[in-house]
Amino acid sequence: MATAVSAAVSLPSSKSTSFSSRTSIISTDKINFNKVPLYYRNVSGGSRLVSIRAQVTTEAPAKVEKISKKQDEGVIVNKFRPKEPYVGRCLLNTKITGDDAPGETWHMVFSTEGEVPYREGQSIGVIADGVDANGKPHKLRLYSTASSALGDFGDSKTVSLCVKRLVYTNDKGEEVKGVCSNFLCDLKPGAEVKITGPVGKEMLMPKDPNATVIMLATGTGIAPFRSFLWKMFFEKHEDYKFNGTAWLFLGVPTSSSLLYKEEFEKMKEKAPENFRLDFAVSREQTNEKGEKMYIQTRMAQYAEELWTLLQKDNTFIYMCGLKGMEQGIDEIMSALAERDGIVWADYKKQLKKAEQWNVEVY
């Protein structure tokens, strides 16, 4: 807590007149104020003692309200909670990966009648039907919204998700199915779904319509960026028109796993000066060294340009997807920063504080 010190100093002259001075000091450290005799020399006579009267208060200075660089005005969180979820209905559920893709991913649209006021970059929770092994309701699972606030139908009455069906073999050789992902991927139109939220402010879009927005996604981590890009390039808003640069890097294992490819290519055709698109298909592509093309491998091909952009105060990085992607991206940035005598870990902290480095991995 800051401490305010107010000191009154009286300097009596040989003619019995007095001079009074008052000052205030704000210090962020604790102040130990000791009474110390202070002398001054009066040119008309000898030295005289100055008396000091101190008043110490512990009133904190008024906090300066931080102004966010993101579109956070009026953002609502946790309108619906697990005990009282919103009950929506499935309107559409379709598989968006090829039959030969390693795993299924589904795009689904739920009716909300405008009751779940999410924003681009937020998430919603879903509670699967049924109970767990202990007879209790299943815990909610969070999913990034894959639609803009207007929804896929443009009427602000729906929300869309992008969900991969989780199926794996455990240590005992048994097939295990993720409860919520399989519940969602199996939903039929008309079925009810319990929704909580919306939640999250980390991944909200930047306010600046002239910003450079670099999006790094693996797999279903594409969801929030689809919502960004729909708002940027497929919609018209009275209070928002994107004039900056949106650059999407999407990493997947096979071409049949590329999500929303046709949509993104249409956006590129519509706004070639504002939208850049780079895919990294690890099982099918390699770089000039013959290395598999992961998302960080693709980024390395643009390392100099990315580093230059990252040093501008209107460049925003968003990362969403598998947790493993973060290390590879950090390694690229660390090498570039070191070349300029910068410690990447410290620089990244500054970017996070400035809301320019935003991560949501799982």
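Just so you know, glycine gets a Cβ as well, placed from its N, Cα and C.
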Out of SER144, SER147, SER148, Swiss-Prot lists as part of the NADP(+) site with LYS164, THR220, VAL252, PRO253, SER282, ARG283, LYS292, GLY321, LEU322, GLU360 the residue SER144
Here Swiss-Prot annotates region 'Disordered', and of 1-20, 221-240, 301-320 the range meant is 1-20
Neighbouring CB atoms within 10 angstroms of the CB of VAL179 (FAD binding site), all protein chains considered, total 16
Argmin Cα dist to SER144 (NADP(+) binding site) over the binding-site residues CYS162, LYS164, VAL179, SER181 returns CYS162
If you measure between the CA atoms of CYS162 (FAD binding site) and ARG283 (NADP(+) binding site) and round to the nearest Å, you get 22
Averaged over the domain 'FAD-binding FR-type' (83-205), the pLDDT of the predicted model comes to 97
Within 10 angstroms of the C-beta of PRO253 (NADP(+) binding site), the count of other C-beta atoms across all shown chains comes to 19
For GLY321 (NADP(+) binding site), the nonlocal same-chain Cβ neighbours (under 8 Å, six or more residues apart) come out as LEU216, ALA217, THR218, GLY219, THR220, GLY221, ILE222, GLY251, VAL361, TYR362
For ARG283 (NADP(+) binding site), the closest of the binding-site residues by C-alpha position, picking from ARG141, LYS164, SER181, is LYS164
